[in-house]
């Protein structure tokens, strides 16, 4: 009897304590089990309309609104005819680190949770399983091998199969371990191939288009020298982009990372030690090769007079969009996407184009939710531009992520409230918590007083700056990736094949099937 009464008091106390200051929680007069249930799903008082009103969409309070919405969706699904034409063009968009919580939260930046990002209107969706050969939770290197080459490898490796272990200086020299990407399959079929990214063009994700390497960090020869010594026989990633079988034939390369292409004695930015200037080499290879490093130069490119286009807009990654002014010399992802499609559309045989919103991931790693969600909106804009510039009758658009992050979107916030703000209730310690948070990451000490062993009020830390860090539960240098499945969105020829739950390595096989690429199973072979 004592234990039952005690449990009842604890449950009631917990429920009352959850209410934030100024809000009175309804008294729980039921049994302890029911009170525990009520604390899990609290009926919180509505906010004072004089202070802040809940945003309401006209008609949502009626039965007819939702029933009509459901009927319209059914009609749209029934009217949809699968497109079984051969895809002339394929564009693969990767939102690096863009898990489902990221896309869901990002909708609040475009007007509310009921809104949709551009690609969320694509007719077909699926889920891909992102684990690697050796890790439950993968990185961007092995995932690039999966969604570009159709084979899973080990963490940290790119363009090689699971035999090669990370940073192994000898096993990757065996070319039987190398796996080619869909970019090469496209080239072999007479199509053009190219890449666009907001990261360094030698970073993990874009490297999957053209490189075979045991260590994602071997972006220049100095890094190889440090790990493997002289005369290792290993070609660094930038070298493979400049002189490799696939990299040297890419028609468009747009992103950041100049430092990996130039010797340190030739440029203050340079990181190479082999005396090479691979940018000058690119320009000298053909009088019609065009190199640009500013937005204005990119926009001015006459694609009809261009043999190959290389744009490197920063010595490192391209800056976050929130860090740039309107007159920034760096192009947006949308601007790079538009120019790349303008150029690639010249080929009558078609093309494969890889486009990455790479800095979603990097902002999440620093627990910078505001940056990450803004980069997601920029990514959505680029996809909208691609949809505008192409024809879904002959162009397959595929949008997905390489992996997710340990990013949480919670707290029973009211409709219309600032998603970057506090939840409407406090924690059981009486301190507010935020709608957005992370399971781990570098922000931990900003929000936890290690001396008093208490949380700090996060509203005193998060001030509205683009670089605001949001709370994390475990202190680590960078937040970790998440192991949950990621969404796949598809539009165009054979996009209906992208439904279901499948291995991430299935994605390039699906794209190849639609466009008759490679020596596997394709619509042309059947």
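Cβ coordinates come from backbone N, Cα and C, glycine included.
Quick look at what TrEMBL annotates:
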ACT_SITE  140  active site, phosphoserine intermediate
BINDING   96, 361, 365, 402, 403, 481  Zn(2+) binding site
BINDING   96, 203, 205, 356  Mg(2+) binding site
SIGNAL    1-24  signal peptide
Local Cβ density at residue 356 (Mg(2+) binding site) - other Cβ atoms counted within 10 Å:
31
Would you list, in sequence order, the residues of this chain other than 96, 361, 365, 402, 403, 481 that have their CB within 8 A of the centroid of the site's CB atoms, where the site is the one recorded for Zn(2+)?
97, 98, 139, 140, 360, 364, 401, 404, 405
Report the nearest neighbour of residue 205 (Mg(2+) binding site) in space among the recorded positions 140, 365, 402, 481, comparing Cα positions.
140
Whole-number Å distance between the CA of residue 203 (Mg(2+) binding site) and the CA of residue 402 (Zn(2+) binding site)?
13
Tell me the Cβ neighbour count for residue 140 (active site, phosphoserine intermediate), meaning other Cβ atoms within 10 Å of its Cβ, over all protein chains shown.
27
Winner by Cβ contact number (other Cβ atoms within 10 Å) across the binding-site residues 365, 403, 481:
403
Long-range same-chain neighbours of residue 361 (Zn(2+) binding site), Cβ under 8 Å, sequence gap at least 6?
96, 97, 98, 140, 372, 402, 405
For residue 365 (Zn(2+) binding site) and residue 356 (Mg(2+) binding site), determine the Cα separation and express it in whole Å.
17
Distance [Cα-Cα, Å, rounded] between residue 481 (Zn(2+) binding site) and residue 356 (Mg(2+) binding site):
17
Take the Cβ of residue 205 (Mg(2+) binding site) and count every other Cβ within 10 Å, whichever protein chain it belongs to.
26
